[in-house]
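Heads up, the thing below is written out as structure tokens.
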């Protein structure tokens with residue numbers, strides 16, 4: 001068997017020995033006060049109370065005779081150093097054991113007071129509440145430290161911080177129950193607690209630090225903290241910016257626990273009750289949806305929250321717009337009407353080139369042709385319209401000719417105005433055809449010719465609104481030489 005001598009000390013001349021419940025105790029004899037070779041007889045006895053003593057065993061000439069009866073029968077023996085070995089220690093062993101030593105010239109007694117300690121068998125919280133209501137003193141649970149000696153002291157903790165009874169929000173009541181058979185004590189501690197909102201998710205434990213052994217801590221318990229709604233808010237869930245055709249969801253948020261399950265949504269002139277949900281969705285909103293919206297508790301309509309909702313919109317009307325056919329020289333009035341939910345910014349471009357200001361057409365020219373775009377922005381909203389004025393049939397402004405640098409070719413140039421872009425053709429085939437970009441209603445078309453005779457060449461232009469043509473005389477180089485001799489030479 002395991003032999004345990006826990007520790008011993010002297011109090012007022014009487015040695016005290018502390019052992020653990022259930023273990024085998026080794027109770028010392030004389031602690032070396034007498035030499036072993038001088039000892040003739042060693043005897044152990046115990047105090048039975050009422051001035052009576054009971055014999056346990058005696059050692060003489062290295063022989064040990066056990067005389068124990070009653071509760072010590074079969075539980076005692078003697079160690080080599082004459083210590084008393086007592087197995088299966090129990091609380092009834094808390095008494096005085098005396099070692100009597102007989103020497104050749106002396107008889108002495110060494111009394112030892114035995115104390116038995118036992119750490120609690122377990123520490124657990126039971127009968128714990130499932131939820132606590134704020135401000136109401138409620139039994140949180142019962143902590144029990146079972147089978148200890150001496151009785152355990154229990155401490156309650158919240159998030160590892162000890163709780164102290166204050167007679168208001170914290171009440172701790174402890175009691176001790178002694179087992180009539182074993183004599184062991186079970187301590188019960190009941191905690192009544194008035195919760196606060198911040199106690200949500202708090203961990204409650206109980207602990208005990210016994211005279212011997214390590215600190216015991218129970219498994220933690222967490223409780224649901226219930227409280228009525230004190231604050232309510234309305235959230236607007238929508239795209240930013242909210243524009244016509246979008247959906248918007250209203251969400252009512254309350255801080256009660258458990259959270260409310262029914263809400264009233266005040267949709268301008270309409271009241272909608274929603275149960276088992278905290279949202280309401282308005283689909284396909286329009287500018288008429290703009291206004292103040294509210295939500296409130298069904299159980300307490302006075303508790304409400306509100307939000308302003310603005311639906312952004314942007315409409316423009318450009319007049320005239322699209323393809324506009326006007327004759328050169330005519331005037332065209334341009335108007336822009338804007339209907340929007342905020343401040344607007346207007347910009348103009350012509351053929352993708354930004355203009356400094358709104359165009360004016362007091363007298364249309366071919367140069368006014370092109371694609372005009374009016375763009376209006378309002379925050380993230382953007383709307384645009386186009387205007388494409390057309391001045392009509394093309395006109396050849398000039399048909400000219402030039403001699404090439406080598407003097408061998410003629411370059412014919414046809415300058416044209418018109419809108420839309422006119423098609424250009426020639427009455428003869430040339431080379432090195434070249435056409436300038438069509439800008440501001442103007443285009444320049446060139447061809448190179450090598451005439452073999454005097455020619456009359458036509459430039460012809462047309463678009464969907466009409467056509468125009470011009471001719472130009474082109475002389476060949478050899479006819480120019482003949483003409484020179486006729487004019488400048490005298491016959492013989």
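The backbone N, Cα and C atoms fix where each Cβ goes, glycine too.
Positions annotated as domain 'Ig-like' by TrEMBL: 120-224 (among others).
Residues or ranges marked as domain 'Ig-like' in TrEMBL: 230-310 (among others). Broken down with DSSP, the domain 'Ig-like' (230-310) shows 3 helix, 44 strand, 34 coil.
Residues or ranges marked as domain 'Ig-like' by TrEMBL: 329-391 (among others). In the predicted model, the domain 'Ig-like' (329-391) shows an average pLDDT of 87.
Summarising the annotation, TrEMBL assigns domain 'Ig-like' to 394-475 (among others).
Taken from TrEMBL, the feature signal peptide applies to 1-16.
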- Message: Considering only Cβ pairs within less than 8 angstroms, which of the stretches 120-224, 329-391, 394-475 has the most against the domain 'Ig-like' (230-310)?
- Response: 329-391
- Query: Reported in the order helix, strand, coil, what are the DSSP residue counts of the domain 'Ig-like' (394-475)?
  - Reply: 0 helix, 56 strand, 26 coil
